[in-house]
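Notes follow the structure.
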Amino acid sequence: MAATAVRVKALRGDSGRFRWRTPVVAGGVRGAAQDAAAGRQDYDLLVIGGGSGGLACAKEAAQLGKKVAVVDYVEPSPRGTRWGLGGTCVNVGCIPKKLMHQAALLGGMIRDAPHYGWEVAQQVPHNWRKMAEAVQNYVKSLNWGHRVQLQDRKVKYFNIKASFVNEHMVRGIAKGGKETLLSAEHIVIATGGRPRYPTHIEGALEHGITSDDIFWLKESPGKTLVVGASYVALECAGFLTGLRLDTTVMMRSIPLRGFDQQMSSLVTEYMASQGTQFLRSCTPLRVRKLPDGQLQVTWEDLKSGREDMGTFDTVLWAIGRVPETRGLNLEKVGVNTNPDSQKILVDAREATSVPHIYAIGDAAEGRPELTPTAIMAGRLLAQRLCGQSSDLMDYSNVPTTVFTPLEYGCVGLSEEEAVARHGEEHVEVYHAYYKPLEFTVAERDASQCYIKMVCLREPPQLVLGLHFLGPNAGEVTQGFALGIKCGASYAQVMRTMGIHPTCAEEVAKLRISKRSGLDPTVTGC
Ligand code: FAD
Ligand code: NDP
């Protein structure tokens, strides 16, 4: 097929100025390769990966008038789970996780209800199949929504697995093996990551599942061992416990590494009070399937060196994630990665070692593995490529929430980080144990409902970090994140009017400093 003489706008470098060129109409594999060799590219921008970052980048660039393509391909999990367009967050991350967390919270509310006069039958069973089907249907609607949005914005979508052929061209392989070559002036890698399997552990791959599977199980996982102690492990163990499943977390070291450790301890303390069992300082050695289908797990107690054993219906590995960079043929085009993490090395403009190839989101080195940061990085990159803005992504003070049964929201520095950076004598920590009003009538234990604000000691006492443990922590932290991003001081937070009666107002009432040694328990209004 001959190239049509339509005139389109194309990107040129980072200047964002347009030049006119004749587009290539792909004439099969060889045609596309020849066109690319002649300096003619199919697209202004090609995005590899249709997840949080990739879709945001593609849609923004298309909205700004660029000719854009997205390639996305989901390799089924070792267990065979597969899903649609939208990446980790939509399919096997934030969305199904938050919905299952909500299902678990509802169980708690059902237990509260009789205190408020609801005559609820004491034993209210939970139906996993029904919950999973509802969650999966919602996720499928999001998959569809993403496809429609791409279509509406004239972004060409290819369901192919991409790898680089050269600096401007990728080869995509479809499910049936069909090959497509696509070329572009600028290429953004947004391939995210996948759960890590401990392949050195006998039976881990054959008998274990990961977060790529848990949300797509049709039947309840039953008695579950969750291995790991970070976001994914604790969130999954939290909702499984909340759904009244016998749940054990096996951790080899500390919970929530990198987070404020006082808060992290309270998170696991609350989980334990709700029924989650913890095997601390333990590491799994092997998993064997018993004739009755149960999984027999042998582990080592790292303190005593003793071996122990238990049986479970499901073993969930939540031991971190590996970036999806290995199959991309990055070495061939000179895109540098960190040999340890396999993540792509990027600069402040998200550019890789090859100037017109960029990387965003979970695949990029040193970036928070969070959806909002991937999205904003993608949008800003598109704006810069289109000459709409020169704004760089600011990765400081990114708020986050761990959706454990008692949610933990935070923004800024942990107490440990603040002390390490500024010295103990320059840091003031204000704190409070408080009782959410909704816990009172329901006679819930609020021992772990705790807030701390980490500030510089010198006036005006700049707020360095806020840590909130309690109901709706994500909602509370989101609002205060704005203040902290704007450089709020302790004095300004204290002048902020509370909204009564809420948990969030307790932040604006943090009068007791740790240094004072006074009892930080809030009593009364
Ligand atoms: P992804 O969303 O992972 O998208 C990458 C896409 O690229 C995928 O569709 C992948 O299949 C595709 N791909 C990979 N290689 C290729 C290739 N060669 N060719 C074509 N396509 C390819 N973050 C939050 O902010 N809040 C949360 O509550 C939260 N909860 C989470 C819960 C879990 C269980 C997990 C695992 C993660 C959670 N996250 C959460 C993190 C969040 O999901 C990720 O940070 C985010 O999805 C990263 O976006 P991304 O664009 O970098 O990659
Ligand atoms: P992390 O890398 O944060 O944590 C891995 C955990 O597994 C650690 O507790 C680690 O322990 C443990 N671990 C690692 N290797 C082994 C092993 N061989 N045996 C036993 N335990 C092991 O991974 P996650 O998968 O939990 O989270 C990945 C990212 O996804 C997070 O950083 C976060 O950004 C994002 N995410 C965000 C969420 C949110 O916003 N709410 C929710 C879920 C994920 P150790 O400390 O000893 O190394």
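Even glycines carry a Cβ here, placed using N, Cα and C.
No curator has checked TrEMBL annotations; they are predicted automatically.
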Candidate in Cys57, Cys89 joined to Cys94 through a disulfide, as TrEMBL lists it: Cys89
Further NAD(+) ligand in TrEMBL, beside Gly228, Ala229, Ser230, Tyr231, Val232, Ala233, Leu234, Glu235, within candidate set Gly145, Gly310, Gly320, Gly327: Gly320
When distances run from the Cα of Cys94 (disulfide bond) to each of the binding-site residues Gly228, Val232, Asp362, the nearest one: Val232
Neighbourhood of Lys98 (FAD binding site), C-beta criterion under 8 angstroms, separation at least six: Phe403
Recorded positions whose CB lies under 6 angstroms from ligand 2, from Cys89, Lys98, Ser230, Val232: Ser230, Val232
Ser230 (NAD(+) binding site): tally of other CB atoms within 10 A of its CB: 20
8 Å Cβ shell about Gly228, Ala229, Ser230, Tyr231, Val232, Ala233, Leu234, Glu235, Gly320 centroid, NAD(+) site members excluded: Val226, Cys236, Leu256, Ala318
Integer Cα-Cα distance in angstrom, Gly228 (NAD(+) binding site) to Asp362 (FAD binding site): 19
Greatest inter-residue Cα distance in Å for the NAD(+)-binding set Gly228, Ala229, Ser230, Tyr231, Val232, Ala233, Leu234, Glu235, Gly320: 13
Candidate recorded positions Cys89, Asp362, His500, pick with smallest Cα gap to Gly320 (NAD(+) binding site): Asp362
